[in-house]
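Here is the structure we will look at, set down as structure tokens.
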Amino acid sequence: MASKVMDLIYWKDMERSGMVLTGLVVGLLSLFQLSIITVVSTVSLAVMCFTISVRIYYQFLYVLSWGDGEHPFKSYLDLDISFSGEQADLYMQKVIVSTLSAVDALKKLFFVGNLFDSLKFLFLLYLVTYLGDLCNGLTLLIISVIAVFSLPLFYKRRQEEVDSFVAKIQAQLDSIKDTLQRLAQGGGPPPDPTPGGAKPKPQ
């Protein structure tokens with residue numbers, strides 16, 4: 001299942017990826033005008049009409065001896081999506097550990113376990129308030145879906161340029177972070193990068 005999702009994201013099958021992306025975007029756009037119940041029921045009705053029509057068509061071909069009578073959706077019916085007891089326990093443990101880790105991280109941020117991290121989180125929340133004025137959650141979800149189907153492929157084709165740009169940004173952020181940390185600790189000159197400290201100049 002994971003490999004099939006990755007194939008969709010990296011556009012291994014152009015037709016299938018295009019259909020999935022178009023369906024997701026159209027479905028999300030329709031939520032601007034219709035309720036989620038209406039959208040889900042309408043999409044389900046359309047899918048059911050399509051599958052029943054195809055099933056009847058294949059059965060009609062078999063009756064006329066023009067087909068082999070094989071079920072048109074046999075590959076989907078035979079797809080195994082069940083979990084064993086061990087797999088279910090493993091995934092449940094991962095969910096519990098991830099949830100507890102997220103709660104612990106939020107606890108440290110809200111109760112100022114680290115002043116610098118809490119200030120960064122405060123600034124992030126401040127930016128999110130402006131983002132909420134510009135667009136709603138549904139718009140962000142549509143942008144996220146488009147990004148999932150475009151950014152990985154873009155990174156795969158432009159990996160060297162992207163890595164170089166990210167490295168430069170990371171270096172600037174590290175420099176700003178070091179400056180803010182020195183200010184929070186009372187200032188002082190930056191540490192001497194030379195081994196053993198500064199050396200006396202030759203006379």
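Glycine too: its Cβ is placed from the backbone N, Cα and C atoms.
Automatic, uncurated: that is what TrEMBL annotation is.
Among the features that TrEMBL reports, domain 'Reticulon' is placed at 5-203. Positions annotated as transmembrane segment by TrEMBL: 20-39, 109-131, 137-155. Marked as region 'Disordered' by TrEMBL: 182-203.
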Chain residues in Cβ proximity to the transmembrane segment (20-39) (below 8 Å; excluding those fewer than six residues from its ends, i.e. six or more beyond): 8, 138, 141-142, 145-146, 149
Per-residue pLDDT averaged over the domain 'Reticulon' (5-203), given as an integer: 83
